[in-house]
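J.: Checked Swiss-Prot, it gives:
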BINDING   Asn26, Leu28, Gly53, Glu74, Asp97, Asn127  S-adenosyl-L-methionine binding site
Amino acid sequence: MTDRYPSPRALLDRYDLRAKKSWGQNFLGEEAVLDDIARLAAPRAGDPVLELGAGLGHLTARLLARGARVVAVERDRDMARVLRGELGDRITLLEADAARLDHAALAARFGAPAAAGEGARLAVVGNLPYHLTSPILFSILDQVAHVSRAVFLLQREVAERLAAPPASRDWGLLSVLLQREAEVSVERIVPPGAFWPPPKVESAVLCALFRPPADAVGDPARFRRLVKAGFGLRRKTLRNALGSAKLAEPARLEAAFAAAGVDPGRRGETLTLAEWAALDRALG
């Protein structure tokens with residue numbers, strides 16, 4: 001790290017702490033990766049950024065150096081103590097669960113309008129433990145109108161699944177839901193040695209730039225149920241998978257397949273985003 005901010009090991013020693021394995025704590029200390037994440041999350045000075053799981057504050061410090069206005073979320077009281085001690089009132093610190101945030105309220109308080117007539121939004125950034133990735137992503141997707149972009153450090157295999165192309169082996173529920181709302185890309189691979197303590201797997205930086213959905217659906221909540229059902233029984237055909245989920249009467253399902261131009265003998269992972277959206281509209 002730089003002279004301005006101590007290394008992860010130095011901070012843990014200073015505060016007599018250890019990384020908590022049960023919390024998935026692996027602290028990123030590689031300068032180049034921190035700089036890339038901060039640049040992606042806060043391209044302009046003054047940008048409001050919500051950092052999920054701020055930890056020891058290494059990314060927080062980089063965001064501040066870029067002139068970002070940082071709202072740091074940290075549930076671990078030990079980490080919150082470090083953040084207060086090292087960064088003080090330069091940040092707004094919230095001791096809260098990152099998967100249970102009210103993004104509308106946070107955006108209204110700290111966010112910036114995306115364009116004339118649009119509501120306030122925040123960029124969201126964080127180094128997400130594996131076990132919290134899905135809950136946090138679903139929380140963001142439920143409140144996507146209040147998020148401008150998301151930049152996450154994830155396990156490499158998770159990041160690659162989220163950015164997977166349609167009809168590929170890694171194409172799944174979260175791939176469909178996230179890519180409907182955002183342009184998604186894997187920006188760089190991060191080796192275990194960039195962290196302390198080093199994890200056993202590679203990580204990757206994922207960037208999601210939120211924009212109006214490219215494919216309209218009849219009912220967003222039903223769309224999620226539809227896609228979940230289609231991927232829930234991957235070995236079954238769409239006719240059987242959606243029929244088992246009882247999303248509609250069999251005759252209505254058959255009519256929807258015909259109207260959407262989707263062969264009910266296909267499997268869910270073979271459908272593109274546009275085909276999923278067309279099937280949802282046909283069910284409406």
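Every residue, even glycine, has its Cβ placed from backbone N, Cα and C.
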J.: In whole Å, could you give the widest CA to CA gap in the S-adenosyl-L-methionine site formed by Asn26, Leu28, Gly53, Glu74, Asp97, Asn127?
T.: 20
J.: By a simple count, how many Cβ atoms lie within 10 Å of the Cβ of Asp97 (S-adenosyl-L-methionine binding site), its own Cβ left out?
T.: 14
J.: Return the single residue from the binding-site residues list (Asn26, Asn127) that has the minimum number of other CB atoms within 10 Å.
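T.: Ranked by other Cβ atoms within 10 Å, the binding-site residues Asn26, Asn127 bottom out at Asn26.
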J.: Ten-angstrom check, please: count other Cβ atoms within 10 Å of the Cβ of Glu74 (S-adenosyl-L-methionine binding site), all chains counted.
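T.: Taking every protein chain into account, the count is 25.
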J.: Please classify the secondary structure at Glu74 (S-adenosyl-L-methionine binding site) using three-state DSSP.
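T.: It is coil.
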J.: Can you tell me whether DSSP puts Asn26 (S-adenosyl-L-methionine binding site) in helix, strand or coil?
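T.: Asn26 (S-adenosyl-L-methionine binding site) sits in coil per DSSP, no helix or strand.
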